[in-house]
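Presented below is the structure to which this report refers.
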Amino acid sequence: MTKYIFVTGGVVSSLGKGITAASLGRLLKNRGLNVTIQKFDPYINVDPGTMSPYQHGEVFVTDDGAETDLDLGHYERFIDINLNKYSNVTTGKIYSSVLQKERRGEYLGGTVQVIPHITNEIKERVYRSGRETNADVVITEIGGTVGDIESLPFLEAIRQIKSDIGRDNVMYIHCTLIPYLKAAGEMKTKPTQHSVKELRSLGIQPNIIVVRTEMPVSQDMKDKLALFCDIDTKAVIEARDADTLYAVPLSLQEQNMDQIVCDHLKLDNPAADMTEWTALVNKVRNLSKKTKIALVGKYVELQDAYISVVEALRHAGYSFDTDVEVKWVNAEHVTAENVKELVGDTDGILVPGGFGDRGVEGKIVAIQYARENKVPFLGICLGMQLASIEFARNVLGLEGANSSEINPDTPYAIIDLLPEQKDVEDLGGTLRLGLYPCKLAEETNAYNAYNEPVVYERHRHRYEFNNQFRPDMEKEGFVFSGTSPDGRLVEIIEIKDHPWFVAAQFHPELVSRPNRPQPLFHDFVRASITNKESK
């Protein structure tokens, strides 16, 4: 029978529930269990697709085209699985589904209420995740903190699941904070006690408490927490700030967290073999070289907006025993006069995805600098579109060339709406989303990176390269190295007389893994290292 683990949070948000859940998933997977994982977000948006990155961080896209929470990126990178649309559930999705059923008459004229209708829908999403993946273990992270009004239906639903399927099949893990008061020189357990008290008042008794802390937690403090929270002392797990995220599974294993979980859920799988993971962490901690890459974006104040890009750069660096330092460059501040000052000390330049016109001209200036000065360049989504516009303006001399997204009246719409998007009015969930094939041209940097004729990558865009400009740009050394199999859509572009200038319409960062870097990132970092060594 499938086992269910629920991870809740208390005291404050952003405690690392997602990393805890992902780390436990990795430990259980290495015990030979089939693990899947999901995130429940209590906000009323149907998905984060139309939310500002300042509000929510990056939007992580799954193979099947779901726009989801950035925690799913952590889940995929840690557990090395490809998640799906069932892996992220929001209050908006739940209510939308229930209201549609009510309109269809599925409730037989009954009064539709939070209990049982909303809670039943939530439970169905938990069970469906296990059914769809044939998982041995389903880990579900509940977003927000205990005590939030928005979280109450989710907490009630996961409370009911224990009654539905039995205590041996359900486990509750609660993540809290033990703050260190500098003035008093001591750590305080009271916020954790109150958080657990709140959780218990809702009918949920945690089986494990994971305490986030800056300082070591003494045995006396663990005993105190165990006493007040009514759990075994061994089930108080310390989550100290780690030098690398990938060390967290090893820290949890040292404290026997996965064994406690298996004992409770009556799983007799052998201990997790973390030899390869330990080797990875040791490698990450002992990188001997450095390279610096400029990330020119418009959300640089909130680095979570580009979290998968940064992780993909790091993964690529691990292959070369290199620590990739990211220099954050606000695209709005970049001008032709100061671009050298802002990016001249870097070994490579990356322009990530985005929407809208803010910061676009600064990104184009940075792209021009990379092209003219032979600096390795990787463009992603909007970065690919702007690389095309820069080339059209400055090489073909098409003054005013632009994207119809940015300037609907441009005389040269190098980037234009996909034909199927012309009559679309809704913004949410209407992009070209998910996994699509890309055919690579031989003897190109893209082909050399993948070494395969056809690859599959995840997309999230509404606009596309305008094919009427293909012949003129090709004549000037602009290479269309990746297209859709029918040749209609441009997927990857390159520049001929350049050491490494590649840009992709898709989002290669979404499929990178710490032990298996994404090919374009791998070769981009290699080119950046070569550039540094040649200076």
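Each position is counted from 1, following the chain as shown.
Cβ from N, Cα, C; glycine included.
Same-site candidate for CTP binding, as annotated by Swiss-Prot with Asp148, Ile149, Glu150, Lys188, Thr189, Lys190, Pro191, Thr192, Gln193, Lys224, chosen from Ser13, Ser14, Ser388, Ser403: Ser13. Record check: Swiss-Prot places Ser14, Leu15, Gly16, Lys17, Gly18, Ile19, Arg240, Asp241, Ala242 at the ATP site, and the matching candidate among Asp64, Asp69, Asp71 is Asp71. Of the listed candidates (Glu337, Glu405, Glu443, Glu476), Swiss-Prot assigns Glu405 to the same L-glutamine site as Tyr54, Gly354, Leu382, Gly383, Met384, Gln385, Arg462. Residue density at Leu382 (L-glutamine binding site): 27 other Cβ atoms are found within 10 A of its Cβ, drawing on all protein chains shown.
Each residue contributes its Cα atom, and for Lys224 (UTP binding site) and Glu405 (L-glutamine binding site) those atoms are 59 Å apart. Cα-Cα distance from Asp71 (ATP binding site) to Glu141 (Mg(2+) binding site): 9 Å (rounded to the nearest whole number).
Pro191 (UTP binding site) sits 17 Å from Gly16 (ATP binding site), taking the CA atoms of both as reference points. When the recorded positions Lys188, Lys190, Lys224, His507 are scored by other C-beta atoms within 10 Å, His507 scores highest. Within the model, the region 'Amidoligase domain' (1-267) carries an average pLDDT of 93.
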